[in-house]
Amino acid sequence: MINLVWLKRDIRVSDHRPLYEAANNGKPTLILYVIEPDYWQLEDTSKRQFQFIKESLLSLSKQLQCIGASLTVRKGDVVEILEKVHLHAAISNLYCHQETGNPWTYERDKRVIAWCKSKQVNYQEYQQQAVFRGHVNRDKWHHVAEKWLQAAVFPTPTHIHTLLQHHNGLKLLDVYPADDNNEARTPQQGGLEAANKTRDSFFHHRINEYLYGISSPVKSTTSSSRLSPYLAYGVLSLRQVLQQAQALPVTSKRNKSGFLSRLYWHSHFVQKLESEPRYAEQAVHNSLIDMRANEFNESCYLRWSSGDTGVPFIDACMRMLIQTGWINFRMRAMLMAYSSYHLWLDWQKPAARLATLFVDYEPGIHYPQVQMQSGTTGINPFRIYNPVTQGLKYDPDGHFIRRYIPELDHVPDNYLHTPWLYAGLKDDLYAPPEKHPDDAAKIAREKISSFYKQHLDKGETGRVISTHASRKRATRRRNKSNTMSKNQLKLF
Ligand SMILES: Cc1cc2nc3c(=O)[nH]c(=O)nc-3n(C[C@H](O)[C@H](O)[C@H](O)COP(=O)(O)OP(=O)(O)OC[C@H]3O[C@@H](n4cnc5c(N)ncnc54)[C@H](O)[C@@H]3O)c2cc1C
């Protein structure tokens, strides 16, 4: 009888409860990662994410060797692979982490649980974020989340009695099982070494510029922590990073607490998708499901998705994302809002496109953010950014635009943010936008107001708020002197 540790978005040894439990019960243990071809065919997955996972698994394999264990990789349907393993060596315990993923992984997990039940395999699933299954009372969420995040981390096992396989299957990682070819030219590297380097440089130096650079797509590349892909695939444990950050003796308290707030937001957002999985498929507010239905303009979508809308700051942001696999929060919000308001595109297809471009794709953050930026939650419906004003503010000298849009080389600086006003624009090189951004924003405002007036059910808005919104005021009254809770006050 063996243990099986099934790895998903938890590619690490430290603060890893499934590995810890397996090591403690002394049975031979198979540590398994399954490349699931059907998953990699989905609209929201891509080769750049696979590449990051591959690098992280190769790094994990070395870490496991240091504690006498080994990683096994297999390719196929998880249930079929479990079945094969079980025939070869009976599985007594299957340990894994709870995953809040997309609808496909949710269904896959249900099949695994059903298989375990049918084979009388003891299925043990543990939390790896402050995200709770079943009914969650949002009034109490921050208390339980805080308790979980402050609990002691699980120590790295010093030895795991490993089950040796004929072949470890690491070579399978050389072949990406889909054909999207969506790679980033200069992505962040996966693996623990890169994760530690990124974290240490942030904790020891870059954190002091954190809030100063946070909104700029240029400054934030170094001032933001850049930990997102390591947290998304569990190369680092969120709880461990949070506790390490709390212990930092940094000079600027504002920067430190700004960063800590965002680590809390992580679980706050993932909890939304966990509590209401349809966030990934349908407008979370029932009245707003059809707000943009039957109006999808494919050519606008294609121009947006390749960074060719004709609005330079939008296009430069999109092209940076295509090239690097990362962009800062504000620009993610602006890109999403531009597609939803100015281009009036229903959010699903743009959301999938962005997901495939993010190396750090985390469904639990992504879909709730997408819906918030698209006005489909029924709360703060007008998240409309003026892309020209944003450009002038965050790229006043135009270096960022020039870097990503060489077709604008012939356009003088004073027209760089609005090239459609320049009489000499070579529009065969860089076509102007289909609608002037101001006109498009005005039309969107009118459409939203009119749709809200006609269709918005306020009772449903109340339901969305009570299920998903943060408890800002209540928390402030109850915890005036509690610094940890102050970090949660900024949740939205
Ligand atoms: C439309 C849209 C989609 C997004 N999709 C993703 C996604 O797929 N994966 C992802 O990790 N983040 C996503 N974000 C949130 C945010 O933009 C990124 O987490 C952040 O830019 C990552 O860079 P960083 O690690 O340097 O962040 P930092 O500012 O250093 O923050 C530290 C960590 O806190 C968490 N975090 C930061 N901002 C947020 C936020 N607004 N909400 C929830 N958690 C946050 C992340 O885990 C991040 O790594 C999205 C935001 C928007 C507007």
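A Cβ is built for glycine as well, from the same backbone N, Cα and C atoms used for every other residue.
Automatic, uncurated: that is what TrEMBL annotation is.
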Among Tyr210, Tyr279 - the residue TrEMBL places in the same FAD site as Ser224, Ser225, Arg226, Leu227, Ser228, Phe259:
Tyr210
Quick check: with Tyr210, Ser224, Ser225, Arg226, Leu227, Ser228, Phe259 left out, which same-chain residues have Cβ atoms within 8 Å of the centroid of the FAD site Cβ atoms?
Phe202, Arg262
Per DSSP, how many helix, strand and coil residues does the domain 'Photolyase/cryptochrome alpha/beta' (1-131) have?
60 helix, 30 strand, 41 coil
Over all shown protein chains, what is the count of other CB atoms within 10 A of the CB belonging to Arg226 (FAD binding site)?
21
How many neighbouring Cβ atoms, not counting its own, are there within 10 Å of the Cβ of Tyr210 (FAD binding site)?
22
With DSSP assignments reduced to helix, strand and coil, which class does Ser228 (FAD binding site) get?
helix
Secondary-structure category, per DSSP, in which Phe259 (FAD binding site) falls:
helix
Site extent for FAD, whole Å (max Cα pair distance, Tyr210, Ser224, Ser225, Arg226, Leu227, Ser228, Phe259):
15
Around the Cβ of Phe259 (FAD binding site), how many other Cβ atoms lie within 10 Å? Please give the count over every shown protein chain.
24
